[in-house]
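Undergrad: I have a structure I would like to understand better, so I am pasting it below and will then ask my questions one at a time.
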Amino acid sequence: MTKQGRYKQSGEQSKKHVHVSENGHTGNKSGCPISKKCGGCQYIDKSYAEQLKIKTDQVKKLLAPYGSVDEIIGMKEPYHYRNKVNAAFQHKRNGEILAGVYEEGTHRVLSVDDCKIENRLAQEIVETIRGLLRSFKITVYNEDSGYGLLRHVMIRTGHATGEVMVVLVTASPIFPSKKNFAKALVKAHPQITTIVQNINDKDTSMVLGERNQVLYGRGFIEDKLCGKTFKISPTSFYQVNPVQTELLYNKAMEYANLTGEEVVVDAYCGTGTIGIVASDHAKQVIGVELNKAAAKDAITNVKRNECKNVRIYDGDAGKFMVGMAEAGTDVDVVFLDPPRSGSTPEFFDSVCKLAPKRIVYISCGPESLARDLKYLKSKRMYQVEKIALVDLFPWTEHCETVVLLSQRKADDYVEVELELDELDVTSAESKATYAEIKDYVLKEHGLKVSNLYISQVKRKCGIEVGENYNLPKSEDSRQPQCPEEKEKAIKDALEHFGMI
Ligand code: SAH
């Protein structure tokens, strides 16, 4: 996962922030004064149309052997989509406090005026906090010396609900006049619905520590995706671009084509979003997720949405599928949405044993997707039907791909050893098969003849045989020629069957 992608909050590194200004003070092409130092937006110098073309071309190139790619689903307003904003703070020598992002690979904070992709209200709240620090005598943490209280601020917003969570990450649990600080913040921004103090007293570059203390409100926010409600706590994973996430999930649902009768697997389910969205249209949904905290959130979300037909398991998706295959579970549709590194042969081997009708593969890593499709193709059981692209991360190089695979008909993939002559179905040949000719010759003449001899005689008699039928594999290869006695017997058979 990347800074734009789906890393988990608790594992998120504090260096990975993305702030971009639109003001263009520096005269660089992007109009973002810190784009080079921040490094979050790789395509900041390109127009949005150019970005979409580059992403499409990259995926088309990688997936060309598997199928054609539909037109990319771009974002109508590709700005301020990030529902999660992190800020670091630093004292300047003159006593002024900076709020912004770390310059890549350093502990220097870059001040951020405005950012092209982050939620605007969140940026305003960061600015308000910066202003309040001095009056509340709150010191900011120094990563090098380890002194100071406020390490980071994380703000998460619910796009559909309008709820706002502010997480104040402190180096110590002792936070003088914290309730008053929270009050002052809410007064300045009444949209804030909850404030949480997160204590991170470790020498780490991770943003969040393990302990949370609620200072105001419920300690979490909720948001809606595709009509379902999801709980977002400080550490929960949640897609950063909810507008495009809905389009991504809608595409996945369209591909799954559920009728209400299906048993569905949501592998790598995170907080259960895909499975919960699918649950209204399926008989049963089985979600599996490795990260225990995410699986717990998924269970909460299942209850929150009163989904009686969804069960969540925590564990490795590959091993879980092995178990399902051993148990002979009936599965109709498999969604998989693995991390950037993709899935495993173990997973796909078991999917092939479970033999669902459709597989819907959602990927944020086109390279690993191409690798996995190659593996699946080698099993000759599924074929790619459709490929869609959804841009969840404008201004960056990242993109989501959805692939629909359907099970091939048994005849298409069961490896049947056909002798070439059996494929030789010309009009004359259709009158008697090679087997019938052989039977006749054996019965009437007491001779065993091969397919090769029959074809040689047929050719001599001017009967068309399949184009490649029994032709020598190379110019100088020699084939045995049909002896005279057998030739006579075969001719008799051809006459008998009315072929000459
Ligand atoms: N489908 C979810 C989350 C996708 S992110 C959504 O759209 O929000 C990928 C998820 O795969 C993460 O939650 C990660 O914790 C999980 N994961 C990573 N490796 C895994 C494994 N081996 N087995 C199961 N889940 C895994």
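Here the Cβ of each residue, glycine as well, is placed from N, Cα and C on the backbone.
Keep in mind that TrEMBL annotations are predicted by a computer and have not been checked by a curator.
According to TrEMBL, the protein has these features:
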type: REGION; residues: 1-29; note: region 'Disordered'
type: COMPBIAS; residues: 13-22; note: compositional bias 'Basic and acidic residues'
type: BINDING; residues: Gln239, Tyr268, Glu289, Asp337; note: S-adenosyl-L-methionine binding site
type: ACT_SITE; residues: Cys364; note: active site
type: ACT_SITE; residues: Cys364; note: active site, nucleophile
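Are these features on the surface or tucked inside, and what are their neighbours?
TA: Sequence-distant neighbours of Asp337 (S-adenosyl-L-methionine binding site) (same chain, 6+ residues apart, CB-CB distance under 8 A): Asp266, Ala267, Tyr268, Cys269, Gly270, Ile274, Ile362, Ser363.
In three-state terms derived from DSSP, Cys364 (active site) belongs to neither a helical nor a strand segment and is classed as coil. Counting every protein chain shown, the Cβ of Cys364 (active site) has 23 other Cβ atoms within 10 Å.
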Undergrad: Take the C-alpha atoms of Cys364 (active site) and Gln239 (S-adenosyl-L-methionine binding site) and report the distance between them in angstrom, rounded.
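TA: Cα-Cα, rounded: 12 Å.
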Undergrad: Three-state secondary structure of Tyr268 (S-adenosyl-L-methionine binding site) from DSSP?
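TA: Its secondary structure by DSSP: coil.
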Undergrad: Let's check the environment of Glu289 (S-adenosyl-L-methionine binding site): how many other CB atoms sit within 10 Å of its CB?
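TA: By my count, 28.
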